[in-house]
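*Asks:* Straight out of TrEMBL:
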COMPBIAS  241-263  compositional bias 'Polar residues'
DOMAIN    8-340  domain 'G-protein coupled receptors family 2 profile 2'
REGION    241-271  region 'Disordered'
TRANSMEM  17-35  transmembrane segment
TRANSMEM  47-66  transmembrane segment
TRANSMEM  86-108  transmembrane segment
TRANSMEM  120-140  transmembrane segment
TRANSMEM  168-193  transmembrane segment
TRANSMEM  278-297  transmembrane segment
TRANSMEM  317-341  transmembrane segment
Amino acid sequence: MALTEAQIRTLTTVERVASILSILGVITIIGTFAFSRHFRNPMHRLIFINAFYNLFDFIATMIATSGPAAGNSSPLCQFQGFCLQMFPMADVLWTLAMACDVFLVVYYQFNVQALRKLEIWYIAIITSIVSIPAIIFLFIHSPDKGPMYGGVTLWCSISPNWVVFRIVFYYGPIWFLILSVLLFYILVGIKVIKLRHQFNLSRTDHIALSSNISTSNHALDQHKNTVAVTVQIDIQSHPASHVYPSSTEQNPHSSRGDSSSHNAPLDHKRSKHSNVSFRQYILMPMVFFLVLLATWVAPTINRLSALVNPNHVSYPLLLAVGAMGSLRGFWNGVVFITLGMKGWKREMKLREDQPKQPRLHSAVRYGLTQALIAATALAQRRTIAEVICREWSLGSTADHPIDILASCHRNDTLQLDRMIMKKASMLPHASFVHVSDMGPQGTLLMDYVNTVTRRIQERAPPGYHPRLHFATVLGDISGDTRLADFLGQVSAHDPTSSSDCVLQLRRHWALSFWNEFSSSLTRLNNPSCTNIVQVDMKQDSNFHSNI
């Protein structure tokens, strides 16, 4: 039974409206990921990457019946057929990739960086699998059957004349992948149910991924400034109530790679302990899978019906195929925003509800971080400088020799002169630890900066351009913003020219206990500046300013 012109127009309208909604959903996913730091965990990243594949899929469905109407051999029909062969299959494969990530997180405690390393492999493998047959089919043409891509009522896809290829290279692989995803989630569900029952976590959003954690240690994780479970090769921690793969990749210097091979456990009962957000790492991928499953039910039924009775055309079934197949991106966007926002709000509420714990003295925290860095260096058989350079991507110490920081007291002008005459790379440190050291409006610090630069100008050997480095410990006293604004006004006079170089201040806030050791500013790429003022701020607060 052939469709009427009115029915074809209705199908076209349904497909295009659904496709437009899906394109808006895809744009929402891309925009949210790009502009919101709260939507950047590994699952969000896979959804973000898949959104670009989905975009071509929905562009093809928006062509709708215009493809078959243009003729099987037309460029429009061939383009539509190519897209609908390649990108829906890619969507299923990306769903499988998400299921693999969930499985690896739950069973093997993969961290954020370990999951990110898999992404390039996912992209290469998925793109190769879906593109090779889709491209080859463009060149297959038979005098009897015509081109491989042809009209199938709603759009152009593998022609009914090539029905065996349609089963073997389309519906067969898709349902095999769907069943594989289902198997992964069954295994994950068994593990999650077991752990939630064991730890009685039904009221929280986090699942403990270990079965050998004592109650006291689990309670310890409730503290906001809990020390991380292990001394990792590349240090990472969060101020949140649990140590788990981050749902927001806020710190660009997070741990790289899998730290398990180099861990030095602080507590053997907790060496395998980690937590994941149930909503972000498990529930969201599973809901995406359910959306995918619902999408493929109607097309599969329609294809089976066509195999059984090739002459029968079901208009209601075609409406369902056009609507469900083209609306997938819309529902993906809804799930992405809804579950992402709920997870973020729940996490924020958990942080707000936690009782504030008294902080350790800054000297204790400073010393502890130095000890941990030293322990990391011993575990890696590296120097402390090499550990820091690797963590902050500063290059190799062999390629870039480390500048020696010479230190002297503020009133020791003789020692200052010695450092200048010996061409110290950085000087003079000269800690300013009290408000009185800074002086009213910071005048004493400014005077000392001018004194140092004047003595360099008077005594420096030719071609000597040191970096000036000053340490302050006034974060809590002066306030972060006020202190940073003042430091931005500090200038150092270049002893070799008449130009002044104003300190270029970049504030980077790191919500990490580990980053509270002082950090020096590397030489800025400013050709007009040969002399840079550097300042260390060791604040008695939970934040670290990397200036």
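Note: Cβ is positioned from N, Cα and C throughout, glycine not excepted.
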*Asks:* Considering only Cβ pairs within less than 8 angstroms, which of the stretches 168-193, 278-297, 317-341 has the most against the transmembrane segment (17-35)?
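*Replies:* The listed stretch sharing the most Cβ pairs with the transmembrane segment (17-35) is 317-341.
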*Asks:* Out of 47-66, 86-108, 278-297, 317-341, what stretch is closest in contact terms to the transmembrane segment (120-140), meaning most Cβ pairs under 8 angstroms?
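*Replies:* Between the stretches 47-66, 86-108, 278-297, 317-341, 86-108 has the largest tally.
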*Asks:* With CB pairs under 8 Å as the measure, which of the listed stretches 47-66, 168-193, 278-297 comes out on top against the transmembrane segment (86-108)?
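*Replies:* Counting Cβ pairs under 8 Å, the winner is 168-193.
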*Asks:* Compute the average pLDDT of the predicted model within the domain 'G-protein coupled receptors family 2 profile 2' (8-340).
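*Replies:* A mean pLDDT of 75 is what the predicted model shows over the domain 'G-protein coupled receptors family 2 profile 2' (8-340).
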*Asks:* Could you check whether the transmembrane segment (317-341) packs against the transmembrane segment (47-66) - three or more CB pairs closer than 8 Å, residues at least 6 apart in sequence?
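*Replies:* Stretch pair touches.
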*Asks:* Determine which residues of the chain contact the transmembrane segment (47-66) at the Cβ level, with the cut-off under 8 Å and only residues 6 or more beyond its ends counted.
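*Replies:* Here the qualifying positions are 8, 11-12, 15-16, 18-20, 22-23, 26, 29-30, 33, 76, 79-80, 83-84, 86-88, 90-91, 94-95, 98, 119, 122-123, 153-155, 288, 322, 325-326, 328-329, 332, 336.
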*Asks:* Can you work out which residues elsewhere in the same chain, 6+ from the ends of the transmembrane segment (278-297), have a Cβ less than 8 Å from its Cβ atoms?
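*Replies:* Distant Cβ neighbours of the transmembrane segment (278-297) are 41-44, 47, 91-92, 95, 98-99, 101-102, 105-106, 174-175, 178, 181-182, 185, 188, 192, 205-207, 245, 247, 324-325, 327-328, 331-332, 335-336, 339-340, 342-343, 346.
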